[in-house]
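S.K.: Following this message is one structure expressed as structure tokens.
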Amino acid sequence: EILPFLIDVTCKHVFLWFVEQEKDPGFWKEWAQRTLKNALTLQDLNKNVAKNIILFLGDGMGVPTVTAARILKGQLNGQNGEETQLEMDKFPYVALSKTYNTNAQVPDSAGTATAYLCGVKANEGTVGVSAAAVKSQCNTTRGNEVTSILKWAKDAGKSVGIVTTTRVNHATPSAAYAHCVDRDWYSDGEMPDEALQNGCKDIARQLFENIPDIDVIMGGGRRSMYPRNTPDVEYPGEKKHNGTRKDGRNLVGEWTDRMKDKVKDETREKQGTSFHLFIYNKDLFSLNPNNVDYLLGLFEPADLPYELERNKETDPSLTEMVDVAIKILQKNERGFYLLVEGGRIDHGHHDGKAKQALHEAVEMDRAITRAGLLTSIYDTLTVVTADHSHVFSFGGYTHRGNSIFGLAPIISDIDQKPFTSILYGNGPGFKLVNGARENVSTVDFKQNNYQAQAAVPLSMETHGGEDVAIFSKGPMAHLLHGVQEQHYIPHVMAYAACIGQNKDHCRTNSGSPFLSHISPTLALLLSVKWLLC
């Protein structure tokens, strides 16, 4: 009981010291000078080959969400919040990404995923196909497939992984391996008969067939892997979680059998190869990554629970999944590619539940911190970005340190009622009481599932169309600069790792590496300096 008290007292003392320091102009000047000195070190560009490449994708994490998550992180630590740094804030390079789809000014997560994973802009609602493919028209698939950076990395001999808080066959992860004209074709049970007759494959099936040896897969989506009406192993009494497949296939069973055979073959060549299949969430916590080469973790029938609703004894967090994934993937001496999606940021915003969305963003930032501790900026390019934004905002002239979920300090001069700082442009939070705007002081606007007020009534809030941020660190991170088209991102990552189509710069005529390298000792020192900064 004493420790929390001491922490609280310490935080208050630090807070009071900070406030007093801010009154001194020298405080700000010294801060700026420290920042300037750090910036000057960036003149020595990191042009090493990226052995490892990691993409953190905050689904729906627009710039207002990043700012609000920063404030929330600080307030969770007893600070004002505004002065706090997210881990992504510490990255030395920041750019803007133009998110439009080829047929949409305000994009969806499928067309954008094709852009930042396959390097090609595409139509909304489609994954892993070019803009020549038409949404929901199966016969436009063949010949229009485009491959992703995950496949480029696998073809180069790297280990590859996908970690998400949504279904593993949801829009973002599916663009890494699937070629589908409809993002909602999760299993063949969600596909029209005509599409099946024309030979189109559902996304779950493509997860296991297109790139059959993805080393690490973690997320939700169990029900798409089992025959229709098969009870879920965790929720056998809930029919909504039953299997959905019409073809009668058990994709998990097929993966297990294939991995057994693969392990037998590989064991003849090297010792210690193994695989591990997860169904129950708690199994992840007893895993020794050193004994696992292939991991399939399907922790829920559909999406994983929100971070605020997660059972910490049985449900893995995004940080915990990232920790295990990197420890497995980094055993490959050729390096790895890892796609990490904080997918439920988007879901929280769609529901108008800003508290859920922002806690998801803070958790993703924790995962970014963990990844940084397990890797080095010497040989690992880490990119953090979003697929699109939301019509989420916060304002109202709130005072410094105001709870990010609190009220604005003024009332409306039109209806004389208070309002929360956080508002949405549209969504389910639009409510009228006796023909007038609801008085938020009469409800608990700080509860986890409170739906912030919205200007236009919709059952689901919509995406926003503004540019999103790209944060980057590590080899060739400086190439992500300025305002760029979203499809530029995987080309930079591939260039840094010498995979895909950009390889000519990687070797001289003599065959020796062209890009600069530094000693492991210096790499360790750089990593320590990064953490201290």
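Note that Cβ sites are derived from N, Cα and C of the backbone, with glycine treated the same way.
Pasting the relevant annotations from TrEMBL:
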ACT_SITE  SER109  active site, phosphoserine intermediate
BINDING   ASP59, HIS170, THR172, GLU341  Mg(2+) binding site
BINDING   ASP59, ASP346, HIS350, ASP387, HIS388, HIS463  Zn(2+) binding site
COMPBIAS  236-250  compositional bias 'Basic and acidic residues'
REGION    228-250  region 'Disordered'
S.K.: Beyond ASP59, ASP346, HIS350, ASP387, HIS388, HIS463, what residues of that chain have CB atoms within 8 A of the centre of the Zn(2+) site's CB atoms?
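M.R.: For the Zn(2+) site the neighbour list reads GLY60, ASP108, SER109, ILE345, HIS349, ALA386, SER389, HIS390.
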S.K.: What are the helix, strand and coil residue counts for the compositional bias 'Basic and acidic residues' (236-250) according to DSSP?
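M.R.: Computed counts for the compositional bias 'Basic and acidic residues' (236-250) are 3 helix, 1 strand, 11 coil.
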S.K.: Quick one: of SER109, HIS350, ASP387, which recorded positions lie within 10 angstroms of HIS170 (Mg(2+) binding site), measuring between C-alpha atoms? Sequence order, please.
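M.R.: Those close enough are SER109.
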S.K.: Which ones in the same chain are close to ASP59 (Mg(2+) binding site), with CB under 8 Å and 6+ residues apart in sequence?
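M.R.: Counting only residues 6 or more apart in sequence, the Cβ neighbours of ASP59 (Mg(2+) binding site) under 8 Å are SER109, THR166, THR172, GLU341, GLY342, GLY343, ARG344, ILE345, ASP346, ALA386, ASP387.
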S.K.: Give the sequence-ordered list of residues that share a chain with HIS350 (Zn(2+) binding site), lie 6 or more positions from it, and have CB atoms under 8 Å from its CB.
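M.R.: Same-chain residues close to HIS350 (Zn(2+) binding site) (Cβ under 8 Å, separated by 6 or more) are GLY60, HIS390, GLY427, MET460, GLU461.
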S.K.: Which residue, of the binding-site residues HIS170, HIS463, has its CB surrounded by the fewest other CB atoms within 10 A?
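M.R.: Counting other Cβ atoms within 10 Å of each of the binding-site residues HIS170, HIS463 gives the minimum at HIS463.
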S.K.: So if I draw a 10 Å sphere around the Cβ of ASP387 (Zn(2+) binding site), how many other Cβ atoms end up inside it?
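M.R.: 31, counting other Cβ atoms within 10 Å of ASP387 (Zn(2+) binding site).
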S.K.: Report the same-chain neighbours of HIS388 (Zn(2+) binding site): residues 6+ apart in sequence with Cβ closer than 8 Å to its Cβ, ordered by sequence.
M.R.: GLY60, GLY62, THR99, VAL106, PRO107, ASP108, SER109, THR112, HIS463, GLY464, GLY465, VAL468
